[in-house]
C-alpha cells in the first residue's frame, strides 16, 4: 500500500513538473535569445510609425490566429497542396494584412538569435502587444513559448472567427467556445478603438439598422454606396489611430460601425460593461491587457508539439 502511494505521488509530481516545463512564460527567451523581444518592438514601432493603421492590422492577425485552433500562427500559412490556408477565409480574404511585417520581424529575429528559435506564433503575440503600446494602449507581459502549427483550416476559420454581423447572443456563444467570458468579449472588442473596416462589413447596418444615429448613417453612406465600393474603408471609431475609449462612447451614441459593435450596447447584458469602460479608461486598459493574456493562452502548442518555422508562410 505504501509503495502504491509513493508511485502515485511520483506520478503527480512528474505531471506537475511537465505542466510547468511546457507552460508559457514571459521569460521564455531570457536565456535563449535575450534580444528577441527588443528586436520585435523596434520593428513594430517602425512599421506603425510608417503606417499607423498597421498597428490595428497586427493586433487583428493575432486575434484571428488565436480563434482558429489556438494561437499557433496557422493564419500565416500560405495555401499549398497540403495547407487549407486561413488567408482565404471570409474574415481574412482581401482583409487580413501585415504579413510582410511579420516576415521582416521573423528574418531579423532569426538573424539576431543565430537560428530559428522564436516561433511565428510568439512573434504574432508580441507584435500585437507592441502595436497596442505604440498607439497609446496598455502593455502586458506576453506569455511565451508557443510553437507553430503544421496545418491550417480555412473551413474552421469561417466557423470560429466572429462575424461583424453577429448579434449579442451569437457573440457571447462564439467567445464562450474559446473559453472567454462576457467581460473578455467587451474588453477585446474594445480593440476596435483602432483601425478600419471595409464597407462590405457595415453596409447592411448603415442602410437597414434602426439602432443607429441617423447623422452617423448618413455620414458613412457618403463613402459606402448601396452597390459597389465594398473595399472602401471607414474608421471603427472617431480616433482610429489612437488607443482610447472613443469606441465605447460611440456605442452609447448608437454610432457603432459594425452590427457586432453596436450589439454590445443594445439593452443587453453587456451594457453595463460598455458604460464602465467608457467612464473609467483605466479599468478598460487593465481588463484589455488581462483578456489579451487570456486569449493568448488558447490551445497553445508547447513542448514537442508543432514546430518552430523557419519561414512563417510555410
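From the backbone N, Cα and C atoms, a Cβ is placed for every residue, glycine too.
Automated prediction, rather than curation, is the source of TrEMBL annotations.
Keep in mind the model is a prediction, meaning the values are calculated, not measured.
Summarising the annotation, TrEMBL assigns active site, proton acceptor to 64. Annotation comment: TrEMBL describes 65, 68, 70, 72, 74, 86 as Ca(2+) 1 binding site. Marked as heme b binding site by TrEMBL: 192. According to TrEMBL, the Ca(2+) 2 binding site annotation covers 193, 237, 244. Residues or ranges marked as disulfide bond in TrEMBL: 33-113, 66-71, 120-312, 199-224. The domain 'Plant heme peroxidase family profile' annotation in TrEMBL covers 23-314. The signal peptide annotation in TrEMBL covers 1-23. Summarising the annotation, TrEMBL assigns site 'Transition state stabilizer' to 60.
Features as recorded by TrEMBL, highlighted on the structure.
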residue: 65; record: Ca(2+) 1 binding site; Cβ within 10 Å: 30
residue: 66; record: disulfide bond; Cβ within 10 Å: 29
residue: 68; record: Ca(2+) 1 binding site; Cβ within 10 Å: 28
residue: 70; record: Ca(2+) 1 binding site; Cβ within 10 Å: 20
residue: 74; record: Ca(2+) 1 binding site; Cβ within 10 Å: 28
residue: 113; record: disulfide bond; Cβ within 10 Å: 17
residue: 120; record: disulfide bond; Cβ within 10 Å: 31
residue: 199; record: disulfide bond; Cβ within 10 Å: 19
residue: 237; record: Ca(2+) 2 binding site; Cβ within 10 Å: 23
residue: 312; record: disulfide bond; Cβ within 10 Å: 23
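Here the CA atom of residue 199 (disulfide bond) lies 27 Å from the CA atom of residue 74 (Ca(2+) 1 binding site).
Around residue 224 (disulfide bond), taking its Cβ as the centre, 24 other Cβ atoms fall within 10 Å, counting all chains.
Of all the recorded positions in the record (70, 86, 113), the one with the smallest CA separation from residue 244 (Ca(2+) 2 binding site) is 70. When the recorded positions 60, 192 are compared by the number of other CB atoms within 10 angstroms of each CB, 60 has the fewest.
Of the listed binding-site residues, namely 86, 244, the sparsest CB environment within 10 A is found at 244. Taking only the Cα positions, the spacing between residue 66 (disulfide bond) and residue 72 (Ca(2+) 1 binding site) is 7 angstrom. Compared over the recorded positions 33, 72, the count of CB atoms lying within 10 A of a residue's CB peaks at 72.
For the residue listed as 'active site, proton acceptor', applying a Cβ distance below 8 Å and a minimum sequence separation of six or more within one chain yields 75, 86, 91, 92, 96, 157, 161.
Annotated pair residue 237 (Ca(2+) 2 binding site) and residue 60 (site 'Transition state stabilizer'), C-alpha to C-alpha distance, rounded: 16 Å. Straight-line distance linking the Cα atoms of residue 192 (heme b binding site) and residue 60 (site 'Transition state stabilizer'), rounded to a whole number, equals 9 Å.
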